[in-house]
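The structure under discussion appears below in the form of structure tokens.
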Amino acid sequence: MSLPISLEHVTHAYRTASGPLPVLDDLSIDMPEGSFTAVVGPSGCGKSTLTRLVAGLMKPDQGIVRLGGQPVTGPRSTVGMAFQNPVLLEWRTILQNVMLPLEIVASGMSKTQQQDRARDLLAVVGLEGFEDKKPSELSGGMRQRASLCRSIVHRPEVLILDEPFGALDAFTREDLWQTMHDLRREESFTCVLITHDLRESVFLSDRTVVFSARPARAQKVVEIDLGDQRGLDDLYAPRAVELLAELRREIQIAQGRDVA
Amino acid sequence: MRSLRQVGVPLAAMIAFLLAWELLVWANGWPNFVMASPSDLPPAFARYWELFLTGSWQTLWRTMVGLALAVVFGILLGMIMGFSRLAREALYPLLVGFNAVPKATVVPIIALLFIGQHDLNTVLMAFMISFFPIAVSISIGLSTLEPEYRDILRSLGASNTTIFWKIALPKTLPEFFGALKVSVTLAFIGTNLMEIISPHGRGLGALFDSGRTNADYPLMFAVLIALALLGIALFYVVVFLERIFAGWAERSPG
């Protein structure tokens, strides 16, 4: 199960001591069911605000966020989230960490079913044999893998990734990109990925939305027409290079720099 | 090898300390009414062992009750301050001021307030002196919880109670036990303060006081040793509990 996400004319401002700080300005995006949308844009342009709106952790000042046609009014159990900080609970084993969302939402599942589900996912991301380790015994990349498993263990319809690969070294990051493709083949969800890495957006997404500087609008939507079977080598194929160049130009425009 | 070192090294340090003490008294030729030496202590223990046992028990249970109150009250207060910014801003100066008052000055006030209620006074003193670190540690632990920890559960629609039990409380346990180690010693001091200062006291503090009025210096020093042993025992009970409940926070050496 996955649900389409749509934002319709969403405008939002934070109230600060020095007056309102507009972050989103009349933002409209459609993300079809099962699609993978990357959002890139200048620092501090309101990308994370978008994730909190979609997750129902915040309400927009104006406009509507819809999941499957229904307006989002608050948090819902069919959403999964992963952040740059893997936020694993140090006192739990990896398996217990992955099972955490099931303790909240899947009361119908037996303990054994929950464990099996978590174990299956850990196997997909290559963490077989690490189920009983504590997070402190794992490397940064492995912790992030566990965090990804936790974000989808309850079979969410919508997966929100807020720069989950941002703090990893380049090689580990590329490994996790592959893992993300593996997970997408196994599971069904509509995914929003916030990222600063243009190669990441080209490698993972079906379409990449470029945000303008704050207050953010959808400045450009770039369809990433590279097919479903992507390898890292494909990032160096002519079409991918073209897409990267286009995204880079858009980011420069968003940053307000002159483009020759 | 490891266990030998764990037991042997502290034991050797203790023996060295006692020898140095004995040597100091002997070298200065101090008589008993100036300073007792370790060799005076066993006779004092042998003579008053019954008083030591009852006194230790009285000191111990009142410290524990006071500490238990401090834990309950400290956690509640810490939760209020940790979750509500308004409460934190309102209560912090009050608490700091309260904590800054030397507790010896509070003893006569409490003693007058509840005349003759020696047990209650002592428990109250142990409680008052020891809840502060617990309240502060819990409130800091809760207010510095990274928002992502909250969001992973909140985004699933979990209630604040669930977030508290599943994440906030366990995450705060290492800080809590750090504070408890301070508090257990403080509670102990509070108990003794009341026992020594207030008239007609009980417990080891009263035993110390009777040693003082009778100029029985070996008894006074024997009480000090008994207090130290009791304090060490209480401290390691907390360490033991910490291993059980917050052992995950301990990094393996190296």
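Placed from the backbone N, Cα and C atoms, the Cβ positions cover glycine too.
Annotations in TrEMBL come from automatic prediction, not curation.
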Residues flagged as transmembrane segment in TrEMBL, choosing from B:26-49, B:122-145: B:122-145
Long-range Cβ neighbours of the transmembrane segment (B:217-241) (under 8 Å; 6 or more residues past either end): 32-36, 40-41, 43-45, 48, 52, 55-56, 59-60, 63, 177, 180-181, 184-185, 188, 192, 204, 207-208, 210-211
Non-local residues, at least 6 beyond the ends, that sit with Cβ under 8 Å of the domain 'HTH merR-type' (B:1-20): 38
Outside the transmembrane segment (B:90-116), six or more residues from its ends: residues with CB under 8 Å to it: 77, 80-81, 124-125, 128-129, 132, 135-136, 189-190, 193-194, 197-199
